[in-house]
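> Have a look at this one before I ask anything.
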Ligand code: ADP
Ligand code: ZN
Ligand code: ZN
C-alpha cells in the first residue's frame with residue numbers, strides 16, 4: 001500500500017496563512033485523489049475546504065503530527081493544471097492569497113453549499129455492489145459511495161461514462177431540484193388527521209386548508225404562506241400522512257427565447273484585413289494581442305464572429321468577454337444566432353444554479369464558445385483558440401475585490417499558455433492599450449468606417465449656462481426638446497442618457513443646507529421614489545425619508561437632483577404622448593429585466609429609452625436616430641485622473657448608438673463646460689487627437705501610462721488609529737522602496753469614511769521598481785502578523801481603476 005501526501009491550500013484566509021499544508025491521503029483514496037480536487041481537511045478545531053495543489057510521497061511533517069484528509073469532494077478535478085499554474089501567477093501578480101486565486105476560477109456553487117449526487121446511465125455492466133447502492137433509484141448520494149469504500153470503483157465508472165457526478169445547488173430559489181409537497185388525494189386521510197389534532201389549532205388550520213387543495217403539488221413556502229402556518233406545522237402534518245415531500249426537477253435554462261440563425265456577412269475591406277491578420281496568428285499558433293480599434297458601428301462584432309467561426313472549424317474554443325450584463329442579451333443573441341447550441345453565457349444575472357450549469361457545459365465540452373462578463377475569462381476550456389475582450393477600455397474588467405485582477409492580463413496569460421491570439425476591441429481604447437499598440441507591443445488593427453457606410457452621427461453641444469441665462473430652468477435644453485418633438489412626430493426612436501454617478505437625488509434642508517448623510521459612510525443618501533426611502537449606495541443602509549431636518553428640525557426638507565425617475569416625469573410633462581422605457585438599477589432588479597426592456601424597445605413598444613450607464617454601450621437598433629446626453633459633466637468632475645478619459649469614452653459610446661443603420665443619427669450633449677477638451681473632442685468623435693492631448697497631460701503629471709501606480713489603503717474604526725498606522729505605513733514604504741519611487745501620502749481616501757471605518761491611503765508612482773512586489777508582500781506580511789490584531793484592515797491594489 002502506497003503512502004501518499006497531498007499538499008492542500010486551505011480556505012483559512014481569516015487565519016492569514018498562505019502556504020500549502022501536508023495531509024496524508026487515506027488508503028482508500030490513493031487511487032482517487034488528483035491535483036485540482038477539492039477536499040475537506042482538519043484545520044484547528046474545524047474541517048475546512050481545501051484544494052489539492054500537489055501530491056508527493058514524502059513530507060517533513062513528523063508522522064505523529066500528520067493529519068489525514070477527512071473527505072474528498074471531487075471525483076474529477078475541478079481545477080486543471082493550467083488553473084493551478086494560473087493561480088500561482090495571479091497570487092504574485094495581484095498579491096493575494098492563493099486560496100482567493102483558486103476560488104475565483106470556480107462558480108460560486110463549488111465554493112458554497114451544494115450536494116453531490118451520482119447519476120446512473122443505462123448500462124448493463126454496472127457492478128453489483130454499485131447496484132446495491134442505487135437500489136431502484138437513478139441517483140445516489142456521493143457520500144454513500146464514500147461510506148462503502150467504493151470511491152476507486154466510482155472513479156472507474158465515471159471514466160467509463162456509466163455514471164455522472166453532478167452537484168445540486170441547495171440555495172433557495174436557484175435550485176435544480178426542489179422539494180415540493182404533494183397533498184394527499186383522499187379526503188378521508190385528511191379528515192382522520194383533523195380528528196387526531198383536535199387541540200393543535202395550527203395543524204387543524206393547515207389540514208382544513210389542505211382539504212381544499214387535494215392532490216395539488218406546491219412548494220412548502222407557498223403552502224405555509226397561504227395557510228398561514230410555520231414550516232414545523234407543515235412537517236408534523238406530513239408526519240400524519242396528509243401530504244408528502246417529493247423532488248421536482250427544474251430545468252435551468254438562462255436563454256429565455258429562441259433565436260433565428262444568421263449567416264456570415266460579406267466583410268468590408270477593412271474587416272477583411274483585420275480578420276486576415278488574426279487568422280494568420282491563429283494558424284501560426286501565436287500568442288499575439290491585437291487591438292481592434294474601430295469606430296462605433298464599424299462591424300467589430302462581425303469580425304469577432306467570423307474569427308470565432310475559424311476557431312470552431314479548427315476544433316478549438318473561444319472566450320468572448322463583454323463588460324456588463326446589460327450588454328449580454330443583444331450580444332448573446334448575435335452569438336447564438338450564429339453558433340446555436342455551441343454558446344454558453346456567464347454573467348452576474350444568472351442564478352447560482354444556472355452559473356454552475358453553464359460552467360459544467362464548458363467543462364464537459366458541451367459548448368465551445370462562452371459569452372460572458374469578467375469572470376468568464378476563467379472558463380474551464382482546455383483548448384482555447386481565441387480570446388476576445390469587447391469594449392476593452394471598460395473598468396468592469398478590473399475586479400475590485402481580492403484577487404484584484406484585470407481580465408485583460410488573465411486573457412494574455414491564457415493566450416500564452418495556449419499559443420493563441422487575443423483581440424482587444426474598442427472604439428475608444430484605454431490609453432494604456434493604445435500606447436502599447438503604438439509601441440508595437442499589441443498589433444493595431446483599425447476600422448475607420450462604419451460597416452454600412454453610414455456617417456457617424458452629427459453631434460451638437462447644448463451650453464446649459466446659456467439656457468439658464470435665457471430663462472430655461474428645465475433639465476432639457478431647447479434644442480433637445482425640439483429634437484425629441486421631431487422624433488416623436490416621425491416615429492423614430494431615441495435614447496436619453498443620464499450619467500447617474502454623482503447625479504442621483506439627495507435630500508436637502510432648504511433652511512440649514514444639511515444633506516442627509518449615511519450614518520456609516522461619508523456619502524449622502526440617495527432618494528428612491530418607488531420605495532420612499534433613502535439608501536446608501538455603498539453600504540446598503542436605508543431609512544425612511546425624514547419629514548423634518550435632523551439638524552435644525554425645519555420641515556423645509558425636500559429632495560434635489562435628477563434621478564431617472566425625475567427625468568421620466570419631466571418627459572411626460574413635456575410630451576404626454578411619449579412612450580418611455582426606463583432602464584436603471586430600479587427597473588432591472590428582477591431576473592431577465594434587461595432582456596425584456598431591450599426586447600420591448602426593439603419591437604418599437606416605446607419611443608424613448610431612458611437610462612443610466614447601462615444603455616451607453618452595445619445597443620444596435622436601426623430606428624434610433626437621436627441620442628441625448630442630459631449632463632456630460634458629472635463624470636468629468638470625479639476626483640480621478642481618468643475622469644476626462646472616462647467622459648470621452650462614455651460620450652463616444654452613447655453617441656455611437658445613433659444612426660447605425662440607414663437613417664442618419666444626431667446627438668445632443670448637454671453640458672455646463674462645453675470648452676472642456678474631452679467634450680469638444682467627443683463632438684468630433686475623433687479618438688487620436690484626444691489620445692494625444694490626454695497623453696500630454698498624463699506625462700506632465702506623471703500618471704499612467706507613463707508611470708505605473710499602486711494603491712495601498714488602510715482603515716480602522718478609530719480615526720486616530722487609522723491616521724497613526726497610515727503614517728507608519730508611509731514611513732515604512734519610504735524606507736523600503738528606492739528613491740526613484742514617488743510615494744504620495746498618507747492622505748485620506750476619496751471616501752474618507754466607509755461603513756464606519758476611517759480610510760487612508762498611499763499612492764505609489766513608479767516607472768521601474770523591481771522591488772515593488774517583494775516590498776509590498778513584506779508590508780502585507782507585517783500587517784497580517786501584527787497590524788491586523790490592532791483592528792487595521794489593509795488592501796493593496798497594483799492596478800487601481802480609481803484613485
Ligand atoms: P461595432 O461592434 O463595431 O459597434 P457592429 O458589429 O455592431 O459594430 O456592426 C454595426 C452594424 O453593421 C450591425 O448592424 C451589423 O450587422 C452591420 N454590419 C457589420 N458588418 C457588416 C458587413 N460586413 N456587411 C453588412 N453589415 C454589416
Ligand atoms: Zn435644517
Ligand atoms: Zn453607507
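Heads up, residue numbers simply count up from 1 along the chain you see.
Each residue, glycine too, has its Cβ placed from N, Cα and C.
The model shown is predicted, which means the values in this text are computed figures rather than measured ones.
Take a look at what TrEMBL says about it:
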BINDING   509, 512, 549, 552  Zn(2+) 1 binding site
BINDING   518, 521, 536, 539  Zn(2+) 2 binding site
DOMAIN    281-447  domain 'Helicase ATP-binding'
DOMAIN    544-698  domain 'Helicase C-terminal'
> I'd like to confirm something. Which of the binding-site residues, 518, 521, 536, 539, has a Cα closest to the Cα of residue 512 (Zn(2+) 1 binding site)?
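Closest by Cα distance to residue 512 (Zn(2+) 1 binding site) among the binding-site residues 518, 521, 536, 539: 518.
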> Suppose the Zn(2+) 2 site is 518, 521, 536, 539. Which further residues of the same chain have a Cβ inside 8 angstroms of that site's Cβ centroid?
519, 520, 523, 525, 537, 538, 540, 541, 754, 755
> Per 10 Å Cβ neighbour count, which of the binding-site residues 512, 549 ranks highest?
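Per the Cβ count, the most surrounded site is 549.
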> What Cα-Cα separation, expressed in whole Å, is found between residue 518 (Zn(2+) 2 binding site) and residue 509 (Zn(2+) 1 binding site)?
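With distance taken Cα to Cα, residue 509 (Zn(2+) 1 binding site) is 15 Å from residue 518 (Zn(2+) 2 binding site).
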> Roughly how many Å separate the Cα of residue 509 (Zn(2+) 1 binding site) from that of residue 521 (Zn(2+) 2 binding site), to the nearest whole number?
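Residue 509 (Zn(2+) 1 binding site) and residue 521 (Zn(2+) 2 binding site) have their Cα atoms 19 Å apart.
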> Quick one: among the binding-site residues 509, 518, 536, which has the most Cβ atoms sitting within 10 Å of its own Cβ?
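Buried the deepest by this measure is 518.
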> Could you find out if DSSP has residue 509 (Zn(2+) 1 binding site) as helix, strand or coil?
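Reduced to three states, the DSSP call for residue 509 (Zn(2+) 1 binding site) is strand.
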> Does anything in the same chain, at least 6 positions from residue 552 (Zn(2+) 1 binding site), have a Cβ under 8 Å from its Cβ, and if so what?
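Counting only residues 6 or more apart in sequence, the Cβ neighbours of residue 552 (Zn(2+) 1 binding site) under 8 Å are 509, 511, 512, 514.
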> An 8 Å radius from the center of the 509, 512, 549, 552 Cβ atoms defines the neighbourhood of the Zn(2+) 1 site; name the other residues of that chain inside it, in order.
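Close Cβ neighbours, site residues excluded: 510, 511, 513, 514, 550, 551, 553, 554, 556, 557.
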> Restricting to the domain 'Helicase ATP-binding' (281-447), report the mean pLDDT as a whole number.
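Mean model confidence (pLDDT) across the domain 'Helicase ATP-binding' (281-447) is 93.
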> Mind giving me a neighbour count for residue 539 (Zn(2+) 2 binding site)? Other Cβ atoms within 10 Å of its Cβ, every protein chain shown.
15
